[in-house]
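*Asks:* Pulled the feature table from TrEMBL, pasting it below:
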- C:12-36: transmembrane segment (TRANSMEM)
- C:66-277: domain 'ABC transmembrane type-1' (DOMAIN)
- C:70-91: transmembrane segment (TRANSMEM)
- C:103-123: transmembrane segment (TRANSMEM)
- C:151-175: transmembrane segment (TRANSMEM)
- C:260-281: transmembrane segment (TRANSMEM)
Amino acid sequence: MRFQKRHIALILYILFLLLPIYWLFNMSIKTNSEILGAMTLFPDNPTLANYATILTDPAWYSGYINSMIYVAINVVISLAVALPAAYAFSRFNFVGDKHLFFWLLTNRMAPPAVFLLPFFQLYSSVGLFDTHIAVALAHCLFNVPLAVWILEGFMSGIPKEIDETAYIDGYSFPRFFGTIFIPLIRSGIGVTAFFCFMFSWVELLLARTLTSVDAKPIVATMTRTVSASGLDWGVLAAAGVLTIVPGALVIWFVRNYIAKGFAMGRV
Amino acid sequence: MSWMAWTPITAVFFSCIILMLIGMGIWQTVSPTVPRRGFLPLTTTRGDRLFISLLGAAYIHLGWLAFTDAALWVASIIALFWLFIVMRWG
Amino acid sequence: MNKITNNKAWFLVLPVFFIVAISAIIPLMTVVNYSVQDIFDPQTRFFVGTEWFEQVLGDRRLHDALIRQIVYTMSVLLIEVPLGIAVALTLPRKGWGVSASMVLLALPLLIPWNVVGTIWQIFGRADIGLGGYVINMLGIDYNYSQNPMDAWVTVLVMDVWHWTSLIVLLCYAGLRSIPDAYYQAAKIDGASNWAVFRFIQLPKMQSVLVIGVLLRFMDSFMIYTEPFVLTGGGPGTATTFLSQFLVTIAVGQFDLGPAAAFSLIYFLIILLVCWVFYTVVMNAGKREEQ
């Protein structure tokens, strides 16, 4: 790789991206007196006390567990319902298919704020308020259309002859789908799961409105802490850093697929 | 269902929409639509034209509410004309 | 690809239909019901017709929020799209740098939105944040929680920081689909960098760019969490965008009727823009196939 002038620009841009994140990390390993006392680029006395606070206080760490649970449920539901639907969209014409597809996409584009109150009423009336499944279902509003969209792109890239050969060989649809088709689009499923994870993990408004205690996600814990006690910056920063970790891990695992997923142009 | 706060008027409104969709579905299976090009700057099927006219009708009503004080049924009549024109020549 | 016409395919779509219908149609119907009534509690409600719509359409605060929203969304697009293209062009085409840049660039996208707000809240403060501290050191009086202009710029920079990567990754995916032979041919012809960009790279990026613009338009049009955490919509109403305004009416004041009417208007705007974009993208796709 020859070093060129344009790489300097790239490095500068990445520095711009990383600086605020570094600052958050920097604050998370400082004591509160150092944060408020002086402007230091590197902490004088690095401490893990802020992280210890979070990992030992159930009010904090249960937030992470809750978030993980509803994100996982959401990814599973989204993939399970989107796989057959994406197959239908990529292989068949049927009455209203294009309008259905457009309608699904509008849900990806609709502002969650619009659905806030009805969701609250809906889940309260069926007794699902403050459960993980409620948040997972609410996030399906934008993740299912997204999953259908991405998967349809990947499936369209698989030649139809494969289906036909399999049917001639006497495969039933479920057997063909499970044993031949799904392995073929493994990378597509990976990319889809990544994006479902991403959008469910970063969402705050619905997750916060639909939970109060038992299923309270970490993102809600953070905003409520800010408004309540407010100024424990070190712990807040540590909590922030910990929310970045799962995302960073997931990116690392799918780094080679990301470009491909984006190449489908369907995020 | 009580939390959804139904009123007779909204119930009728949604029944009409649902009936219209079912009707379009049946019409489609009986005689499939042929995409064509009318005065709208794009090729449309029957369903596309229905969507365009409904969306247009919503905007006509909103515009009426925003810019005039006249009775709303006038806007509804304009919207009906618009629906007819788009469905027929769109 | 020629598709077979088979209406049984509906059975495969049914699960998606039901799950999205529950989370989209029922709430939407409820919003419509709310929008025509004055609701005090579930038993006490009155039919008021289009009163809320008239009230909301004539509401100055809504007009202001809408104008603010449009200016903001346009600024976001005008900055992020060119910047994203520029950064994508600087990315290496092969080697270890590709994976490394991918991971670093994608990082902001995976940060929960409220944490993005928190990061900038801290970073921009003059007393404890590096960014705010440096700007004040330079002699510029900067305080995003007092000065409306500073708040607005901070929210904008935050969005650029957060989302430009999306455009970069999309464009990069488009660029990667250009065969090396094109570049070699351009070199032999002695084409300038600008010509290469204009006639080879830009056309390849066009389809992904449209999608990128669509996504950025939609997401910035419904931005809520980041400014909520950073500025809470203030100072005053300097950074109160549409979603923020809606949530204030709906949850803050619990005015169900006006909030519902507002939701519907908001939804109609989104629906129209979404449809126009979708039609354009699909027609562009069809032309490419031919």
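Here the Cβ of each residue, glycine as well, is placed from N, Cα and C on the backbone.
Unlike curated entries, TrEMBL annotations are predicted automatically.
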*Asks:* When you scan the chain for residues with a C-beta under 8 Å from the transmembrane segment (C:103-123), skipping those not six or more beyond its ends, what do you find?
*Replies:* 87, 129-132, 154, 157-158, 161-163, 165-166, 168-169, 225-230
*Asks:* Which listed stretch (C:12-36, C:151-175, C:260-281) has the most C-beta pairs under 8 A with the transmembrane segment (C:70-91)?
*Replies:* C:151-175
*Asks:* Apart from its near flanks, which chain residues at least 6 from the ends of the transmembrane segment (C:260-281) lie with a Cβ under 8 angstroms of it?
*Replies:* 28, 31-35, 52-53, 55-57, 62, 207, 210-211, 214, 217-218, 221-222, 242, 245-246, 249-250
